[in-house]
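Asker: Quick one: this structure, given as structure tokens, is what I'll be asking you about.
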Amino acid sequence: MAEPEKKRRISRVNSSQTSSNIGKILSGHRPCGAEVEGRMDGSILRITMRNFLTYDYTEVYPGPNLNMIVGANGTGKSSIVCAICLGLAGKTAVLGRGDKVGLYVKRGCQKGSIEIELYKHGGNLVITREIHVENNQSHWMINGKQRNQKAVEEEVKNLCIQVSNLCQFLPQEKVGEFAKMSKTELLEATEKSVGPPEMFEFHCELKNFRSKERELENTVTEKTKYIEKAKQRNERNKHDVNRYYEKKRHLDMIELLEKKKPWVEYESTRKELESVKREREEAKRNLSALRHSQAPMIRKIKEIEDRLQPFDDQIKSQTAAIKDAALKCKQKQDQLDRKQKEIEDINQAFKLKEMEEDDHQKRISNTRRIIEDLRTELAKVEDQPDVTPRINDVNSELRRNQIERARIDGEKCELCREKDNAFAQCRSLQKKLNDMNNLMKVKEEKLRGRHRDTHAALQWLRQNRNRFRGNVYEPMLLEINVKDHRFAKYVENHISFQDLRAFVFQRKEDMEIFMSEVRDKMNLKVNSISAPEQSRSKAQPSQNIEDLRRFGFFTYLREMFDAPDEVMSYLCQQYNVHNVPVGTEQTKTMIRQVIEELNLRVLFTLDERYMLKRSVYSKMISTINSPVNPSQYLSIAVDAEEKRQLEQELNACELRFREIDERLKALQRETAVLDRRDNELLAEKKKLSELKGKKRQLEQKISTKQDSLRQMEQNVTDLKKIEEETKEKVSAVNSQKVTIVKAFIASIKLKATLTMEKVYLSLEMMGLSAEKTKLEHDFREGASLLRSMDQRCSQLEQRKVQLTEQGKGQMKRAKSICNMQPNDSLSEELRNVRVYVIPPYLCVPSPLMAFAKLPDTPDDIDSMLNEERSRSECFTGLSENVVDEYNRSDQEIKELENELEEKKNALESYRQNISEAKERWLNPLKQLVEQINEKFTAFFRSMNCAGEVDLHSEKEEDYDKYGIRIRVKFHSNTQLHELTPFHQSGGERSVSTMLYLMSLQELNRCPFRVVDEINQGMDPINERRVFDIVVGTACKERTSQYFFITPKLLQNLKYAEEMTVLCVHNGAYMLPPNQWDDKAFLRRCLQRKAKA
């Protein structure tokens, strides 16, 4: 179905354009395309787009050389770039826009298509891609036939087209990424773009060869180490084999000793049995003789025992009588002691009476003296004047002081309460400030974790603020404080992280000082921003928020956060935060109406961000929406106004606290004055009161003392009478003591008589007892010897039986160990046996001792057996397997050595192959880089700048780390610096990128190159120079097709006949393509030029 005529847009090229033939390709390799009528295989003849991005339908016919695609922003220039990429099976990631191919279909359409016709010798190639929005899938056709994407990719690859290579295809969104490419990535992209087809393959082979070489080197090293360890291990095993045979020799000796041991034990038992029999016969004879010698001694002991019995009875009787007499003596002695104690108590009582009477007389004397003194003092007091009026005056002044103190105490209590309240308020305010400062530290830690260079620069700034004349602000994410943590995600999604971590300067000279220190000297990758000279922080939004509330918008982005004036001014200028409304879920449901009715460029719904671009001509709107990611930094919010207010309140509170403290000290001084005056008045009152009551007190004291004196005089004791009574009591007790003493003397005499009689009896009994003791001692010695002899005879009999049985058992065990029958005797062969242990690596056998020459005593055999066992136990962990293991390891070492030799030979062969492959790759590569460097250097020299391109590698053998290094210098007072995303400005990076691509242009191995809006950010001088270089390079005969997309052109530029200028316009009032007369248009332009 034909497209509506008014929407068709066709770009055609004048057929009279001239082209040059392409000559031979550099380095002598065959080109992918062949030159036919000025075109290379793979160059683009036609691009047709239907319902694609901003286009309903359009056809583009580019020329064979330089194609300048010019048009205002939003007209659809980049749409042509997108069509080339997607139409040639490129990935959406290459474009850096939407990640789904369905997003490239025009809004409101269900499908769109791209058709690209490529020149190919023998028949052009037409590739068609139809994109379906519903399932986000594409249908492919080649020359009208249905094919899959893989087939299209193969066709494109065969034509040397690489839309993913930034050296060939550089879309607008990827311009900045060119400078971010590593040296290695740039080298690979250059190889693919302008190198021979086999160059990149050789490079990949070299990297693979090098990787395999490393693997072989590691294998050889590991095998060498393994063989060395195996040899060491086998050497240890050889030692274990020696130890195994040594252990076996000891075990054989143990076996031989264990065979002889029972025979030696049997012989020892037999000899001991003969000795026991002889000893038993001798013991029996001695026992019989001892029994005959004991009989007379027993009879003599019996006679003495009969004589001792009467003496024993008499001594017991005397002992009882002596005990009775002693008891009586003790009783009388106790009675005498009690009487003596009674006399002492009577005398003590009399002495106490005397002391009491003496004290009584002293008290009477003292009382009389006190009465006289009191009468004298009373006479003096009666002469003093009346003190009552003065006491009344003192009481009045004390009451006035008490009233004043109550007033001061009330004021002090009120001030103390106010002081406590002020202290509590200060603590609360200080805590809030500390909490805010802690939140700022958390944000700073997050910054350090994300970008350490920025954090290092922040520390330097804080230490060197005195070096700057104007305001210098820390990174924006530390200066921005969102008013509600829920708003943080909108601010972060709108402002790039590169700006959030940027330092903001009020003065440009301060920024230059800062960047010179941290970027050039400290080599830190930081961003800095100069605030606008005219503040825009208070710029008004284009529409009142009240007019937008019906769509769900509730505020503008600027109102969601606070920031210093310079920071806010920059954000308003750069990000238009004062014109970015934020809406709710209602906004999302009304998004189509919002897009159509409101003239907005950026807006937020509850969880999405929309970017709108309105075409200048057609007024059509293209939108890009993306999800709002959660906040990472700004959700930690600190209200700067609240913080400032808290600091002011804290200062006011501390001032009030100090004022209250000073007033309290003044009141304390007043209280001290009152206290001193009260003490003086109370002392005076006390003195006057004492003086007033002293007369009455003296009279009372005199009366009391006189009463006490009369009572003491009436209670006088008669000591003479008491003394007579004491003497009579002592005399009566002494009479009782005389009677007791007489009885005590009689008892003592009786006890002495009985004791003498007992002594005489004991002496006679001791004589008989001594004689009996001697006889009993002699008898006990004989009886003990008799019992000992009897026990010895019994023990010998038992030992004889035990040894007999033991000998039989030992004989049976010895024959069993030697494998003999019960009736056999020890053979001569066993007596003289020899044992040989022959290790496989020894030449001479080592005989063991003969059986007959082994020790002949059990102790010697046990000693030797223990020694052999101890020695054999020293050889732990050994078995027959150690010999097998030794032999097996020896064989394995020989096999490994053979394998190692094979690996070394293979490694040497691999190194030879690498050397040959290196020559095939490195020499052409150096020539290619040298050619690029010549062009690049010449281009920069023509711009009065300096630049060079070289092949860079850290180590010659690390082929995966080879890279192309671009170094440039734009100012005469600086040195060459490597092209990075950080050191050069955006315009400088664009110039460098463009000139590098121009350096590749004449080496043209690719059919075409595309560069989209790379001149953005260039200053006019550099832009004019770059344009001249592009025209001069891309319009030569031997060059590939070139697409240069730009929204603007400077005046009075130089053009070439080989150029094709494609002007892109759109709008509601565009002239339909079928009514466009390009010849008439050119004629009118020439006429206007002639008139001018």
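Going from the start of the chain as shown, residues are counted 1 onward.
Here the Cβ of each residue, glycine as well, is placed from N, Cα and C on the backbone.
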Asker: Checking feature assignment: region 'Disordered' per Swiss-Prot, candidates 1-27, 352-378, 676-702, 865-891. Which range matches?
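Answerer: Comparing 1-27, 352-378, 676-702, 865-891 with Swiss-Prot, region 'Disordered' matches 1-27.
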Asker: For the binding-site residues GLY71, GLY74, GLY76, which Cβ has the most other Cβ atoms within 10 Å, all shown protein chains included?
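Answerer: Compared across GLY71, GLY74, GLY76, the most Cβ atoms within 10 Å surround GLY76.
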Asker: Around LYS77 (ATP binding site), which residues of its chain at least 6 apart sit with Cβ under 8 Å of its Cβ?
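Answerer: The answer is ILE69, VAL70, GLY71, ASP1012, GLU1013, ILE1045, THR1046, PRO1047, VAL1064.
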Asker: By a 10 A CB contact count over all chains shown, which of the binding-site residues listed here is most packed: ASN73, THR75, SER78?
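Answerer: Buried the deepest by this measure is SER78.
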Asker: What number of additional C-beta atoms lies within 10 angstroms of the C-beta atom of ALA72 (ATP binding site)?
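Answerer: There are 16 of them.
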Asker: Kindly state the mean pLDDT of the coiled coil (636-806) in the predicted structure.
Answerer: 79
